[in-house]
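Annotated in TrEMBL:
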- 32-222: domain 'YVC1 N-terminal linker helical' (DOMAIN)
- 263-534: domain 'Calcium channel YVC1-like C-terminal transmembrane' (DOMAIN)
- 235-254: transmembrane segment (TRANSMEM)
- 260-278: transmembrane segment (TRANSMEM)
- 285-314: transmembrane segment (TRANSMEM)
- 334-354: transmembrane segment (TRANSMEM)
- 375-393: transmembrane segment (TRANSMEM)
- 437-456: transmembrane segment (TRANSMEM)
- 517-535: transmembrane segment (TRANSMEM)
Amino acid sequence: MSENPLPTSRQDCQTDHYGNIIDLMPPNSRQVLRIALNLKYLIDKLIPIAIDESEIVKDGSNVLTPKVIQLTYEACGGDQSNKEYQQKYRAVLVFCLIKVSSWYNQLSSVEISNSKLYDVRSITAQQLAKIIIAKEEKKNLHFLFMQMLLRKYAINENDKDVEPTNAVEMATDLHCTIVIGSNGFQRCLRWLWRGWIVQSRHDPMIFIKEERIASTKFWHHFNPERIKTPKYQNILQIIFSILFLLIFTSVVNGKSGTTVAPLAPIEGIFFVFTFGYICDEIFKLYYVGVAYFSFWTLFNDTLYLVILFSMFFRFNSIFPTFLKNRPPEYWDRISYRLLSCAAPLVWSRLLLYLESERFVGAMMVVLKHMMKESLVFFVLLILIMLGFVQGFLGLDLSDGEREITAPILTNLVITVFGMGSFDAFEHFAPPYAAFLYYSYCFIVSVILLNILIALYSNAYQHVVENADDEYMALMSQKTLRFIRAPDEDVYVSPLNLIELCFKPIMCLLNEERRKDLNYLVMLILYSPMLTYVVSKEIREAKRIKYNRMKNLPDDSNEVDTPWDLGDGFFDFDESLFGYSDDRNGFRATLSMNRRSQQLQREAERSDKNFSVKNDWFKEVKRISNLREPAISSELSALEERLNKMNQHTNKESEGIRKDIQKLLALKSNDEDRPIWN
């Protein structure tokens, strides 16, 4: 079945002038809750006991049969004879399955005795969502992307409507790697990453297809609106991060002399960059909320905090308003020393923007899991250290004087790094201090450090075994970081400071003039980047037009595969912006495909006995059907066992029913007898 292409305009999305979808108004929160409850009931009955997870996720699962998939669709209700009415409720199917999976995760953490059962049910809900996505991808790509994955829905929980969200956001926040790893989900993310699907300005609850991706006109792509594309924002962030690193290097390694030098222009640029990044972090954390907080948020905030302290001491050395108890040269040295300590963080920060590369992304996932696992080690270490510190301080105060407290604390800390020394405790409160220190060394060096190694090994093994799924989950998080940005007009840091400067002026203008001013400012700022966008997107637009001409999805023919002689797209236009006629590329592609197929046929016909017989193709088709009888026999055997169990149960029930009738008859006979005194 050919895939339905996505709509190419807002009119094709069937929206009104406010951007709301006309024919598919979303179900209300109570209806969404009922669908979720139906799905939970289905999964509860389907998985009554804990089974192996592989029985759920494997291809051709005997648990998730076509009948179960059909029941999953029917759990949404609706008029089965009316397709549009039916789609209204089926649109929330993936959303509800992910929500049900989260319910099972909550139950797993509460009812530990049944955690295995709830984990299997959670995986079942995710696998059902994956199967539904795969089926809808083949039937209706528009319905899958716009309604099932990207449209936001609200569900009622405990008589309160939860904040509306979509299936993509929920699956990413809950780390549902099974759903995220599905092909349809990944295609949706790629379209978001490229800016082929954008959020509606009129209704943030829905997403629409970008109208101009198939246009070959220059000004349709030389437009600041295209900077909203996550891919281009990521490129800009990498460029500004490299500039930030170069400026930081110049500032840290540019000090000459012991006197306090005036503020250099390069330092001013560095502080402006930092302030822009800090403002961006504050705004995103305020608008996005807790969902924005992550490992990298903490990492960046630590870096900016160190730089802020350095800036404070630097300005205090130039303008000694505060901290006058020391000379300005002292605070100048402190400023540069703090800035030097931030160097590892500045260099490591590049990994945040390079994580879209698969190798770097996988390693970052490993690092993140290792950091989480290390929290267990540090909690144990701190508790044990506090106990031994109190013991050593008690020994030090046993004679009424505190003498070697500082050396004791230092030695306990460096022992963790394998640099401890027994000399400090040789003549200190023998033999108690030595006994305590030997115990401390044994616990830290032999037990805790080996626990840390085991935790790191477990984290690495877990991520490597699921490297592809973990990488796709990471890219999903990265894409949503851009999609969830609250600004209608994107100013990538540190250009957001220019937006702040223009805010007072924009407040004095009406909406139309404000948009014109924003457009002009962004056009000037992003003109170098937009030049690259135009040169790239016009060439892509030709391929998209070619795909639509052949009734194929927009992302078809991206790669010319050697096993398909009819795919690929060839554009021989060597100009910067690809201004040649679109039909030249179409004709060249069709001509090359026809020529390739003709040469292949001629080469095959050169030997009349070369070609295989038609019977061979028939035999190959039969192979795909060989597995079906085996599966059917397994299902038949299982069904037969269930029927026997039901028959046995029915016989027992019938016997019990007859016994009850006899007892009731005896009771009625006793009541009818006359009572003799």
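The backbone N, Cα and C atoms fix where each Cβ goes, glycine too.
Among the listed stretches 235-254, 285-314, 375-393, 517-535, the one sharing the most Cβ pairs under 8 Å with the transmembrane segment (437-456) is 375-393. Within the chain, the transmembrane segment (334-354) has long-range Cβ neighbours (under 8 A, six or more residues past its boundaries) at 234, 237-238, 241-242, 244-245, 248, 251-252, 255, 296, 299-300, 302-303, 306-307, 309-311, 313-314, 317, 360, 364. Tertiary neighbourhood of the transmembrane segment (517-535): same-chain residues 218, 221-224, 226-227, 232, 235-236, 489, 491, 495, 498-499, 502, 505-506, 509, 576-578, selected by CB-CB distance under 8 Å and a gap of 6+ residues from either end. Same-chain residues lying 6 or more positions outside the transmembrane segment (375-393) and placing a CB less than 8 Å from one of its CB atoms are 402, 405, 408-409, 412, 416, 433, 436, 439-440, 443-444, 448, 451-452, 455. Looking at the domain 'YVC1 N-terminal linker helical' (32-222) alone, the prediction's average pLDDT is 89.
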